[in-house]
Every structure is written in structure tokens, then in C-alpha cells.
């Protein structure tokens, strides 16, 4: 039997390193077998003599030879693309990683920086685990730091709350004391107002009683100066009895002055005219009685 075959290319990649081949390269040795043609001795290559004189049975033997040709399954990516099969089974983890990044970028799930990280080369399993461990440690340290900061903040807030509570209690006590003091002052003010009103009501009677007991002192105080005397007589003239008394005092003074003036006039005229008489000169006579004062002057 004659076997016609092709050379199977191999690509043995190193784990953790990316090959310089395109995306279809893999770190596994792919089974890239091609179509194998199997012929028996009866279907051997014809000689030159047979070519010159073709056998009449060639048409009959050709179908038999075609029936002997069969295809063997292969896993080569190019053959799979021809058959429409998926390449996922033959891709390496790194290639799948890159394809996942491309799909996520197409869906808008990752940004350009993340895609560059995908494209730069996928880490190996150990590297990924180390990265995850490092990220977990960093996250743990960040959480611990945040927890410490939160604990410090909570401690400060608790202390501040305690201080505020103490201040509130002190302010409450001070407020209570001020309320009591305000109530006491209100009571005292009310009592003072009542006492002042009572004094105002009792003032006229008390003043009158004081004047009755201290007339001389009152008169001296009211006539201590001309201005004070005038002011006192103004208020006195407004009262009916005061007006009568002031009028009587004025009449008494006028009568006293009139008698003195008449006596002086008669005396002067009698000195000039020995025959002087009040009737001859048409003058009123001098009153014989002294004018009576409105009140006893002694």
C-alpha cells in the first residue's frame, strides 16, 4: 500500500512565554494531519506504456480507486476553519485570554488600559495567583487601614459626643438655675412695682401730713429763691383758695400803700399851704383805721 502524507508542523511553546506567532499559535503540539490517500497495488501508477495504450478497463477501475480515497479527521486549525469548526479546543490559555479581552472590549465592559493589559500577555497560573494574592494583601491592608481610621474617627466622635453630653448637662443645669433666678427676679420686680404703686397712692397724704408737721421748713424750701417763690405762687394761684388768698394779700398791701401815700401827700400840701384842706384840693381823706390783713401777721 502507498501512503501519501504531509509533514506535520509542530509548535512547542514555553509555558508562561508568548510566542512570536499569531494568535493561532499554541503551546501544545497540535495534531495537524491532512487527508491521507490509500491505494492498493491494483491502483499503482501506470507505466509509460500504459499511458500510450490506455486500458479499456480504466473507466471501470477509476471509481473503485475513488472509493478507496477517504479522509482522516484532523485537528489542524486551517482544516477546522474549512470545516467551520471552533478553534477553542486547540487554543492555549493565553490565546483564550486575549480573545476574552477582545470580546470584553467589543462589548464595552473594559477600557483601553485593561485591553492593553490583556494584549500585553496573559499571566501564567502561578503569576495570576501571585497577582491575586498581592491584590488581596493590598486590599486587606487598605481595609485594615480604613478600619483603623474608622476606629480613630469613631473614638474621636465618641469622645466628642461625651464632651457634648457633658456640655449639654452643664448648660441644662445653668439654664435651670437661670430660669429659677429669672422667676425670683420677676417676683421681686412685681413686689417692687406694687410697693411703688402703693407709695404713689400714699404720697399726697404723706406730703400733706409732712406739710402740716413742717410748715416752716416747707415755706423756707418753697421761697428759698425768687424763682422758687414765683413757681410756688403759680401753682398756688391755680387753686381756688390759693387764688382768694393771693388776692386778699394783694388788696391788703394796696390799702396799706394807699394810706401811706395819702398821708404823705397831705403832709406835703399842708407844708406848702397853711390853709390846706383835702376837700378844697379834691383829694380823698386819709382813712382813720388801718387795713385789716387777711390773716394774722403775728
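Just so you know, glycine gets a Cβ as well, placed from its N, Cα and C.
Note: TrEMBL annotation is automatic and uncurated.
Bear in mind that the values here come from a model prediction, so they are computed numbers and not experimental data.
According to TrEMBL, the feature region 'Disordered' maps to 1-90 (among others).
Under the heading compositional bias 'Polar residues', TrEMBL lists 17-27 (among others).
Under the heading compositional bias 'Basic and acidic residues', TrEMBL lists 28-38.
As annotated by TrEMBL, compositional bias 'Polar residues' applies to 54-65 (among others).
For 67-81, the entry in TrEMBL reads compositional bias 'Basic residues'.
For 126-202, the entry in TrEMBL reads coiled coil.
Broken down by DSSP into helix, strand and coil, the region 'Disordered' (277-298) contains 4 helix, 0 strand, 18 coil. Residues or ranges marked as region 'Disordered' by TrEMBL: 277-298 (among others).
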Sequence-remote partners of the region 'Disordered' (277-298) [C-beta within less than 8 Å, at least six residues beyond its ends]: 245, 248-249, 251-252, 255-256, 259, 262-263, 265-266, 269
